[in-house]
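Q: Take this structure first; my questions come after.
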Amino acid sequence: MSTAVIRTWRTVRSSRAATIGLAIVAVHVVVALLAPLLTSYAPTVGDSSLALLGPGADHWAGTDQYGRDVLTRVLYGGRYALGVSAAATLLTVALGTVLGCAAALRGGRLDDALMRVLDAVLSVPSILALLVIVTALGSGPWVIVLAIAVVYVPQVTRVVRGAALAVVPADYVTAARARGEGIWPILRREVLPNITDVVCVEFAMRASWVVLLISSLSFLGFGANPPTPDWGLMVAENRTAITVVPMAGLAPIIALATLVVGLNLAADGLSKAWGVDRIREGS
Amino acid sequence: MFTFIARRVVSALGTLLLSSVLVFLAVQALPGDVATQVLGKDATPSAVAALREKLSLDQPAWERYTEWVKGAVHGDFGASLVSGKAVGGEVGQYLGNSLLIALVTVLFAVTGSLVLGIVAGLYRDRWPDHLISTASLVGMSVPEFVVATVLVLAFSVALPLFPAVVLYGPGATTGQLLPAVWLPAASLAIVMAAYIVRMARTSVIDVMASEYVTTARLKGLSSWRVVTRHALPSALLPTLHVIALNVAWLIGGVAVVENVFNYPGIGKLMLSSVQNRDLPVIQAIALISAVVYVLCNLAADLGAMALNPKLRTRGGRAR
């Protein structure tokens with residue numbers, strides 16, 4: 001296990017894009033964790049006499065219409081975005097990997113039926129599916145994690161299945177089958193180690209889309225509930241006053257864009273270092 | 001070749017049928033009794049019962065499903081629970097408005113991104129490539145509502161060229177909507193183009209490194225001819241699928257952008273019908289989107305067949 005970790009670390013170090021990308025993401029994680037130490041304001045409490053101030057010495061990014069410090073809300077906003085995205089991406093990639101490997105290993109009827117159902121799920125626009133699920137089950141963070149998984153598992157499954165299909169005909173898999181090993185041990189010991197690169201790239205890439213989707217959902221008013229500090233929600237709230245305090249709208253935009261650029265750089269760098277065709281996998 | 005087309009069409013129909021079942025089941029799972037929702041909490045039990053009968057909610061689910069599919073095939077999606085109007089006509093009106101945005105978006109995004117992607121691929125690792133690749137990375141990394149907000153800031157606040165919001169209802173004429181189309185279309189086109197640029201760049205680089213391009217060069221053909229006659233047809237092939245997927249993505253993408261601009265299109269209708277639990281409208285939009293998705297994929301597969309003779313003779317699968 002430790003050799004695998006060292007090898008991964010070397011790959012990351014060898015790619016400048018991946019290093020920069022992961023560094024940006026790491027900064028976002030640290031800032032979100034240390035938010036209470038970095039600011040003395042509370043993210044959800046405002047002073048209405050100080051509403052819509054421009055950037056100044058007390059409020060570096062100005063205040064919103066309720067007099068809340070925008071920078072504080074941006075710092076805390078990373079917690080919701082990163083927490084929900086990380087949970088959603090983990091669940092999505094884990095489910096997709098298991099389904100994709102199972103489809104590739106079993107083949108035949110199960111494979112056909114699974115792919116057909118996933119195709120049908122893909123044909124419904126993801127925003128509509130998300131809206132229906134969130135309306136049905138409420139907009140708690142766990143519901144959003146679940147909804148994202150429903151929407152994105154089909155695509156992950158397809159990618160992983162494609163990668164696993166290249167491994168399944170290999171002699172060592174046939175040998176494992178001949179030894180009479182079950183589907184789980186084969187999956188864990190023979191198939192998974194050989195598609196780790198694809199799964200890792202898929203994880204980074206999927207994470208960038210999940211962050212975008214979650215922020216869009218919040219922007220539309222179906223994600224984080226006010227007064228939760230969340231970037232998508234903040235853009236929606238501060239958009240109306242964008243001519244008065246442009247910084248209040250721009251700050252969450254910058255935070256969101258840098259996080260996603262970081263994730264995209266990491267995905268690009270890793271895919272290049274491992275030779276995974278990311279752009280084609282993404283289609 | 002015909003067996004290939006036939007097989008592809010049959011599997012597209014199968015996918016559609018399956019998605020119609022999924023859509024129906026998902027919408028049924030929305031909580032709350034529709035009849036009470038429509039009539040309000042103070043409705044008398046007899047009124048609720050009468051409405052349930054009118055909406056045939058008292059019948060088993062599979063009967064309602066077959067009724068719905070039968071109607072949908074004939075363009076009859078039932079009546080909206082909110083406005084009481086026929087869903088088919090209402091959705092059609094909004095869809096027409098969205099089509100205006102989609103048309104402009106696809107036109108600009110596809111032509112623009114193909115040109116940029118090809119230029120980036122031909123000038124690999126030189127400054128035009130660096131510029132275009134960085135721009136597309138940024139384009140991929142910002143959500144549509146951010147692009148839309150920035151565009152409003154630039155082109156309707158700083159430079160008042162385009163309207164920031166649409167003040168017309170769904171019945172507006174094309175002439176009334178036309179000035180409001182450009183900013184939403186530009187927001188969608190920027191996000192959409194980013195993906196197509198990357199795909200076009202990669203496939204151009206792949207093809208330019210291939211042996212037949214080297215042969216064409218050695219034959220002494222001009223580089224313009226090498227690119228247009230030999231490289232582009234093969235380079236376009238993988239790009240086709242990305243374009244098809246993006247066109248299908250548009251129908252979801254418009255939901256966000258149309259809400260930013262208050263544009264009376266299908267995305268706005270989608271959001272308000274989810275808020276109002278207008279089940280027939282949600283079902284109709286989901287089914288229409290599924291049809292668009294399946295048709296786009298079918299078109300991409302058939303287009304790939306037209307561009308690649310190998311797929312025609314083998315009669316096998318595209319992959």
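Just so you know, glycine gets a Cβ as well, placed from its N, Cα and C.
What TrEMBL records for this protein is below:
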type     : residues  : note
DOMAIN   : A:78-271  : domain 'ABC transmembrane type-1'
TRANSMEM : A:20-42   : transmembrane segment
TRANSMEM : A:80-105  : transmembrane segment
TRANSMEM : A:117-136 : transmembrane segment
TRANSMEM : A:142-160 : transmembrane segment
TRANSMEM : A:203-224 : transmembrane segment
TRANSMEM : A:244-266 : transmembrane segment
Q: In the same chain, who gets a Cβ under 8 Å from the transmembrane segment (A:203-224) while lying at least 6 residues past its ends?
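A: Same-chain residues near the transmembrane segment (A:203-224) but 6 or more away: 21, 80-81, 84-86, 88-89, 92-93, 126-127, 130-131, 134-135, 139, 144, 148, 151-152, 156, 230-233, 235-236, 256, 259-260, 263-264, 266-267, 270, 278, 281-282.
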Q: Can you tell me which recorded stretch out of A:80-105, A:117-136, A:142-160, A:244-266 has the most Cβ pairs within less than 8 Å of the transmembrane segment (A:20-42)?
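A: Comparing A:80-105, A:117-136, A:142-160, A:244-266: A:244-266 has the most Cβ pairs near the transmembrane segment (A:20-42).
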Q: Which residues of the chain, 6 or more past the ends of the transmembrane segment (A:244-266), have a CB below 8 A from one of its CBs?
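A: Residues 17-18, 20-25, 28, 52-55, 61-64, 70-71, 73-74, 77-78, 81-82, 204-205, 207-208, 211-212, 215, 231-232, 234-235, 238 contact the transmembrane segment (A:244-266) from elsewhere in the chain.
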